[in-house]
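Features as listed in TrEMBL:
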type    : residues                                             : note
BINDING : 31, 32, 73, 76, 77, 78, 139, 140, 141, 182, 192, 229 : ATP binding site
BINDING : 77                                                   : Mg(2+) binding site
BINDING : 320, 325                                             : DNA binding site
DOMAIN  : 62-193                                               : domain 'AAA+ ATPase'
REGION  : 265-372                                              : region 'Head domain (RuvB-H)'
Ligand SMILES: Nc1ncnc2c1ncn2[C@@H]1O[C@H](COP(=O)(O)OP(=O)(O)OP(=O)(O)O)[C@@H](O)[C@H]1O
Ligand SMILES: [Mg+2]
């Protein structure tokens, strides 16, 4: 796995095991579906995007700006590429962390060709001054460039070529409202169900020239945290295991391989388990604030909030309450422990459902102000 020297801006959002070797990155690129038709799942978002692109084609204009929001590995970058591909437009790639000054953004915007799709990954991490420049650019395809300093400073308006901004974010809650409002459409990507992940895996297995049983695909899919990137990565580990041990990738092979790589039946990996165990043992099941949890497992709170928590909430092992994160009865039971406080029992079915639904509909947004 990669060390610090291979980290790129934004990589801290990924768990160490999410960052692969170069071969894995290349494999991920090769696996990206090229069209909306090939893109598995996210039916609603696909329909919405298709309509947006078709309408733009009919009116012969650039499609509206699009914001793609959701946890890592669900297909945001893939969709951005598809938007450019389907509308037959060139694509320019940039990212929030690379835009540290308004000037960085002005340079990109002023060099766009007419109709270009500008993809800004992790857009919530862009500098504030650049955000302000972007408001005008998105609305009027114009920016004001400041020349000189102090009393003699003047602003020179500069017309831009019409473009479509596609922003991606794992933390849409961090985007300022004026920026969010300027996107014509926001797509909230949801975790994938097992059937959809089986389709993703079947396609990847063909590309890997791996013979694999259907039941083995299902086993991988159910342990992939609802995330295509993780499904594809686990498939590669299973392929390695089958290669070394000889023979076809059966369900038993999948189980052994995933046990070796510390992925349990629900798809929890080391970090998920570390968070759960700290919550259960040190904090008696909570409630506990997110930052406290993050510090206790030695992780960035951003990683816990955008990667670990949405999944644990989704599968019902924890809930977010106004007083902090808490383990549910299922959370205790998954670790074969008796709830040590009676709060887990007091989390009524209604409360759990409400918390679960809100988390699913918007996995990246805090339900309440953090840290209590
Ligand atoms: N709907 C899908 N169908 C098939 N493959 C998919 C789908 N979504 C994602 N993938 C695969 O999962 C991998 C990760 O997707 P992608 O890079 O687009 O995620 P992301 O949302 O941009 O993640 P991050 O937030 O980390 O940048 C890609 O290799 C892609 O092939
Ligand atoms: Mg991406």
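Glycine residues also receive a Cβ, built from the backbone N, Cα and C atoms like all the rest.
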Using Cα positions only, nearest of the binding-site residues to residue 320 (DNA binding site) (31, 77, 139, 141): 77
Residue 139 (ATP binding site), number of other Cβ atoms within 10 Å: 10
Those binding-site residues in 31, 73, 77, 141, 192, 320 whose CB falls under 6 A of ligand 2, listed in sequence order: 77
Where the C-beta lies under 6 angstroms from ligand 1, the matching binding-site residues among 139, 141, 192, 320, 325: none
Residue 77 (ATP binding site) in three-state DSSP notation: helix
Cα distance (Å, whole number) from residue 325 (DNA binding site) to residue 141 (ATP binding site): 43
Residue 141 (ATP binding site): tally of other CB atoms within 10 A of its CB: 17
For residue 139 (ATP binding site): DSSP state (helix, strand, coil): helix
The domain 'AAA+ ATPase' (62-193), counted residue by residue under DSSP: helix, strand, coil: 50 helix, 36 strand, 46 coil
Candidates 31, 73, 77, 139 (binding-site residues) - the one closest to residue 325 (DNA binding site) by CA: 73
CB contacts for residue 73 (ATP binding site) [other CB atoms within 10 A, all chains]: 26
